[in-house]
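Asker: Have a look at the structure that comes next, please.
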Amino acid sequence: MLDAQTIATVKATIPLLVETGPKLTAHFYDRMFTHNPELKEIFNMSNQRNGDQREALFNAIAAYASNIENLPALLPAVEKIAQKHTSFQIKPEQYNIVGTHLLATLDEMFNPGQEVLDAWGKAYGVLANVFIHREAEIYHENASKDGGWEGTRPFRIVAKTPRSALITSFEFEPVDGGTVAEYRPGQYLGVWLKPEGFAHQEIRQYSLTRKPDGKGYRIAVKREDGGQVSNWLHHHASVGDVVHLAAPAGDFFMNVAADTPVSLISAGVGQTPMLAMLDTLAKGQHTAQVNWFHAAENGDVHAFADEVSELGRTLPRFTAHTWYREPTEADRAQRLFDSEGLMDVSKLEAAISDPAMQFYLCGPVGFMQFAAKQLVSLGVNNENIHYECFGPHKVL
């Protein structure tokens, strides 16, 4: 536990942190990658270039300083980060490296004096130990599962299927022919790649898209403009290629009773974790209402429509509604969508009126903010809304 003086000293630096903003974490990352370039093999350098990771780390540091007297308030954030860390296979010794550069950054940017540096050193040590302990538990849990493993495990691509103009699914089976660990619907898979021509190893997390079957895994990847990994997977990865995978992880998942109503709300590739949830509900003989609300630009980029329809037909109480923002003439002729424009859940208020309903959201942050605001305005309890951000976490 931290003493009162240490807590007071750390909290006194909050105004300075807020004034500096993400410049603090930009300096930190630049320093760390200069002194420890081997960490470029772990960090998503795309998120470094666009500033997302710097903003996320700054928000985490500021939140820790603000809640240093109430660490339980940080546990949800700790769980989210710890789960992601296990996908990157973060080790305890790497926390020492981060701590060294964090303190050096504070010293170089602010010259706050040894008392402040010592206080932050103690505070960081407490937080690092929380992460190290939780991550050790997750590693042990993953390795102890039937079909589980430590580190990464080689898998072979056994199917590659275009699902839309932008989304392709990939199916993996283990090279060793063994079983694979189960996961919760909504969790993701860590994909480790370093093909020829890549400057660094690249690690990405992709949502699993179906109910666990013990034999293999399926993900779906959107081809992003300028996305190094997504473009390689779309244009160069082939059936028979071997990739290394970290065990499934993630704090966003569905865990509901058969009589709990569920709404799965997504936009674009945000439907991928929802597919695993829908598959689980369908194969688990879910008896309560299930809603599938999806938004896409048009039919060219709308993936998995047939699969969703097939799964929906197996559920006794299923409502699906699709919004196309800019439908094509072919979309109109084939009646591939239900509504034009942005998603408006108020039109389907009767389908979401049950106060016990659980809502799962995934898609661009702006979309999730838009959808969550609508739900709250219709009387949905915030505690019933669960969401996943692809990339560094943001608060809706």
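Every residue gets a Cβ built from N, Cα and C, even glycine.
Since this is a predicted model, take the numbers as computed values, not measurements.
Straight out of Swiss-Prot:
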DOMAIN    1-136  domain 'Globin'
SITE      Tyr29  site 'Involved in heme-bound ligand stabilization and O-O bond activation'
SITE      Lys84  site 'Influences the redox potential of the prosthetic heme and FAD groups'
BINDING   His85  heme b binding site
ACT_SITE  Tyr95  active site, charge relay system
ACT_SITE  Glu135  active site, charge relay system
DOMAIN    150-255  domain 'FAD-binding FR-type'
BINDING   Tyr188, Arg204, Gln205, Tyr206, Ser207, Cys389, Phe390, Gly391, Pro392  FAD binding site
BINDING   Gly268, Val269, Gly270, Gln271, Thr272, Pro273  NADP(+) binding site
SITE      Glu388  site 'Influences the redox potential of the prosthetic heme and FAD groups'
Asker: Should Phe390 (FAD binding site) be counted as helix, strand, or coil on the basis of DSSP?
Answerer: coil
Asker: Quick one: of Gly270, Pro273, which of the binding-site residues has the smallest count of other CB atoms within 10 A?
Answerer: Gly270
Asker: Under 8 Å Cβ to Cβ from Tyr95 (active site, charge relay system), same chain, six or more residues apart: give me those in sequence order, or none if nothing qualifies.
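Answerer: Those within reach of Tyr95 (active site, charge relay system), by Cβ under 8 Å and sequence separation of 6 or more, are Ala128, Phe131, Ile132.
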Asker: Would you find the one among the recorded positions Tyr29, Tyr188, Phe390 whose Cβ has the most company, meaning other Cβ atoms within 10 Å?
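Answerer: Max Cβ neighbours within 10 Å, all protein chains included: Tyr188.
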Asker: Give me the long-range Cβ neighbours of Thr272 (NADP(+) binding site): same chain, 6+ apart, Cβ under 8 Å, in sequence order.
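Answerer: Counting only residues 6 or more apart in sequence, the Cβ neighbours of Thr272 (NADP(+) binding site) under 8 Å are Tyr206, Ser207, Leu208, Thr209, Ile219, Ala220, Cys362.
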Asker: In the same chain, which residues outside the set Gly268, Val269, Gly270, Gln271, Thr272, Pro273 have their CB within 8 A of the centroid of the CB atoms that define the NADP(+) site?
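Answerer: Here the non-site neighbours turn out to be Ser207, Ala220, Lys222, Ser266, Ala267, Met274, Leu275, Cys362, Gly363, Phe390.
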Asker: Measuring Cα to Cα, how many angstrom lie between Gly270 (NADP(+) binding site) and Tyr29 (site 'Involved in heme-bound ligand stabilization and O-O bond activation')?
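Answerer: Answer for this pair: 29 Å between alpha carbons.
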Asker: Which recorded positions (Glu135, Gly268, Glu388, Phe390) fall within 10 Å of the residue listed as 'heme b binding site' by Cα distance?
Answerer: Glu135
